[in-house]
Structure formats: C-alpha cells, structure tokens
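Annotation comment: TrEMBL describes 39-59, 71-91, 97-118, 139-157, 163-183, 218-241, 253-271, 278-297, 303-324, 336-359, 365-383 as transmembrane segment.
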C-alpha cells in the first residue's frame, strides 16, 4: 500500500509538471511571438503546438505495444521539453524552424495527457475504491496544471520576459520526464503477456462498438462544444449584466475553481457505481448548470453558476476517466485514452469557433442552445443504454 501511495505521489508530481508545461507553452509561445512582432504568424505558431494533439493515436499505439511504457512516456516528456527549448531562439530568428520545433513538441503532447492517464490504473492496483480515488487525483492534476501553468508563465514573462518563461516551461517538462522514470512498474494482471496487436483503426472502432466507450465518447465530444467555449460565454455573460469585459476573467476563474475544487473533494469521497451511469449523471449535471445560466440575473449569482458549472465539468471528466479505464480493451488503453482526449480537444475548438460567431446573440441564447444540445446528448445516452441491454 505504501509503495502504491508513493507511486501515486510521483505520478502527481510528474503529471503536474508535464501538463503544466503543456498548458503554459501555448501562452508563452504567443507572448514570445508578439514580442518579435510576427503578426499573423502568432496564431500559426500557437496552432503548431496544439493541432498535433489530434494525431495522438499514432503515438499512443507505440505506448500500447511496448513493455517499456515508462521509457516511452519519459522520452515524450524529454522530447517536448527539448523541442520547446529549441523553439525559443528559433522563433525570433527563423520562425519556420520554430514552427517545426513546436510541431515536434505538439506531437509528444498527447502522451503527457491521455498517455499518462492510461497508465494510472496499473500504478494504483485493482481495488475499485483506489481506482476511483486515483482518477479524481488525475483530474485534479489537470486542474492544477491548467491553473498554475498559465499563471506561472504569465508571471515569469512579466518579470523576466517571454523567452525565459518558455525555457522555464521546457525545464518543467524535462523534470517531469525524469520523474516518470521513478514511477513503479504497472501492477496489472497480464502485464507479462503481450497485448494483442490493435491498430489505430481498430482502436477508434472500439469507441463506436463498445457500448460504454461509445456513450462516453459522444458525451465527452458534445459537452466539449459549450464547455470549450466557457471563456467566450463568460464575455457574453459579463456584457449582459452590464459588467466590464475584464469581469469575464472572474467568471472563467470561478469555473476553474469549481472544477479543481470538486476534483479535490472526489479524492476524499470517490465516485461510486457503474462508470457508464456516472458519465450519464455527469452529463445531467452539466445540463443542469447550463440551464441555471439562464437564471444568472446578477453578477454574484453568475459567479456561483460558473463555479457550479466548473464543478459539474469536474465530475463528468472524472467519470469519463473511470469509463475509459473500465471499458478500454487490454492492448488499446493508451489509444482509447488519447483518442478520446483528441476528440475532446477538437470539439472544444469547434465550440470556441462556433460561439465566437454566435457571440452577438448574447448569453441567454448561448446558454439555452448549449443546454438543448446537452439535453439531446443525455436523451441519446439513455436511449442507447436501453437498446444495448
């Protein structure tokens, strides 16, 4: 038990560093590009580090097929850090070289997120309560990384400059990579037997054929559309309540606080029950909070609603991790985790783009449309459960 706890502690430290570097890198790259006055190239450089996440299943296949999983994850973290460091001087002198370096870093990114998560079950053992608690811990690392990473790189950039800030993010990735090598060997039944070969198309097909994975994938993808656009919806909310645009940051921060807070609560009180049912409950929770957005008639109430929406998002994400762990076939764990994470990234980007176009409609229309979309998802979820019995 002590060994598993120490292993989980090492995992948390490594995950926070690696994911914090990933979350911070985009901001650092944007600040660095702006410093060098690259204009439209700023967005292209940022895209170079995010778009390769969609190709995550390719890297995940290597992780699924090897016994040296720690080495692969550590190599991914080291590659990310080194490529990010190379990009720092290149962005100012040869932006095309900086773009290539960022593409390399971005290609390693999926293994730092879904790839790491796919190995957690083997670290903590087969006890159901320990598994659920570890999934809550994992969800918390995303919240910590997503909050601390951007905050740290912003503070460093303000005092020492964007170049130093990006180098610090690269260093964090390298330290995280070193910690990965200290993780215990996975304690999973059958680890000494080679997993059956599963190619990328087969792994993606599992997200459709396996009922629990199918429902989780759809719920994750569709809810990501409004949730990926929360910062934009917050802008509309602030405007509708006659608040200055800067107050949208307060609402977004409340959302992040709620997400992180519920993840910490779920460490002490893990989710219980069938993973599929937990995902449905999480989806209904998000639906309820989106509907509550229609009732946010004052700014203090809006802060509460955004915090509650963040909490509902945290529950859904933790339930999604539980479902991926429960339903991913042996030999395809990493591909299932990483592919679903890539789908979430893609639909989040779609949501941000869509809400950006619809922003003039106002927060009421955005909340109503989002709630109807998630309501349809929940209804389809329930129908699929009944048809799959």
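Just so you know, glycine gets a Cβ as well, placed from its N, Cα and C.
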Are the transmembrane segment (71-91) and the transmembrane segment (163-183) close enough that 3 or more Cβ pairs fall under 8 Å, when only pairs 6 or more apart in sequence count?
yes
Same chain only, please: residues at least 6 beyond the ends of the transmembrane segment (139-157) with a C-beta under 8 Å from a C-beta of the stretch. Say none if there are none.
12, 15-16, 18-25, 27-28, 31, 113, 164-166, 168-169, 256, 259-260, 263-264, 266-267, 314, 317-318, 321
Is the transmembrane segment (336-359) in contact with the transmembrane segment (39-59), using three or more Cβ pairs under 8 angstroms as the rule and ignoring pairs under 6 apart in sequence?
yes
Sort out the residues at least 6 away from either end of the transmembrane segment (253-271), same chain, that have Cβ-Cβ distances under 8 Å to it, and list them.
129, 132-133, 135-137, 139-140, 142-144, 146-147, 230, 234, 278, 303-304, 306-315, 317-319, 322
Hey, does the transmembrane segment (71-91) touch the transmembrane segment (97-118), meaning at least 3 C-beta pairs closer than 8 angstroms, sequence gap 6 or more?
yes
At least three Cβ pairs under 8 Å linking the transmembrane segment (278-297) and the transmembrane segment (71-91), pairs spaced 6 or more in sequence?
no
